[in-house]
């Protein structure tokens, strides 16, 4: 409690020991990226420690793929004019998986709020975007695994690439980009509701119409006109169609740009909104 | 080499104000002169809708001391901590940490503080070591020091053996220790501890007290909230008591007790109904009404133990002989009761009744 000790302690965090100062500073942009990656690392460790999260996010699309392939496939096939239903379906399942997977973003953030971890983060000198960037990035990595798994399942039930491997990988990237954009929507949902059960309940009514009133599983031309208007233009359909073209072949540029425009637009709106909510979250 | 320029990046608060920084001993770059308070709270208010959590709260915290913020559940202690740690914006008033306003310079304040909350805020899926490394990275501890710092704190908090197990396998006390360790990772000059020992067993509590004393000896400023009056008595050199969002006392623990200026006479009447009858009988004989807690009756005497004989005589004539009698110095709990007119709200079952436990003398 001597004056010397006190003055030394009140210069900055981290007393300078023989090894130099404990804390350092890097340029702001570098720090922001490092903070986001630190949180992503933490979330991915959590995913590894609780593998059931990964298992369940794989089982659900697996059930969907088998159900649609064998239950609805026969009905839908005639409307596809020669394209096999499984080839039509797998790109849709990819997109659906990415959308449903985004729900984990909401649940993860809401859990952090409930456990008090969010309060600790908010008292740390870390970037205000880091908690959200770390979560959406970790969920992006998880999506890579899930899509890889679904590709394997697809091949097992007759799915084939028709437009070359590079084009297919482009399709996969598009799915991941869309999943990332959806994660930001659900980051906002998670921050807004603040507890995991509510986050899950709140997510479904948003997800269901997006996924089912879309071109993900069926061609939209059998839907009533008013619904078609929505179904054709909404982001799930735009992405599913773009991925489909990349997988099945054909002129892809227009579809791909539309899908990317949706992704960019969604992130541009929801990322700042999410960070704003994080700043004021309690 | 990326950290080599940090000296130039640091804001030199006094460089333009005509104050020379001739001696590192007397002036600090961020905190102002040594005599300045480490924490200044002035007219601080917080409203949640129509609920007033804090109402014009004022206090200063001297650097290198433990400051106790005392009050029952819901008094506003945690709200004050949340404002001081930039988690919540105040509705009115001002709060500064080492000369930096929590509203205008939140980023600077966050770089100077550590917070251990009421709930052990650690990631349950991460191991103890991983938790500390995460905090190290997020508080920008230099890469070369993150590992050694984590290991050092695990050792200090007696967590080395379980360092590589997920925190979800930890006991409550271990999680709490990890939480406090996490707050210390960047070696912050100001530490906020929100009810750090709530729910800890007596041994862990003592260990944490010891640790807090050591930190303060090294110059750290600690603001702790507690419902345990004994804790403030043990650690704090200054205590602010708040009740329903308002400061009702601001003093040293010793002064608070001397204001009371009384001796406490405790009578163990063995049965609750006998205690109630005894209290009824003794009402009016003292400045403060007798206080009844189960089978116990406490009397505040301004005349030392002198009234004891009269009390016992009066009780005896009504067949109310106490099973045990104790005469003791007032505890902060007594102070609290006198200040607020209601009990401190701490659960005596977990050792929170405050003050040294009265040893009944037969």
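Glycine too: its Cβ is placed from the backbone N, Cα and C atoms.
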Feature transmembrane segment in TrEMBL, mapped to one of the ranges A:233-255, A:256-278: A:256-278
Segment proximity, the transmembrane segment (A:201-220) to the transmembrane segment (A:53-76), 3 or more C-beta pairs under 8 Å: yes
Contact set, same chain, for the transmembrane segment (A:201-220): CB under 8 Å, 6 or more residues outside the stretch: 68, 72, 76, 79-80, 88-89, 92-93, 95-96, 99-100, 103, 106-107, 185-186, 189, 193, 227-228, 230-232, 234-237, 240-241
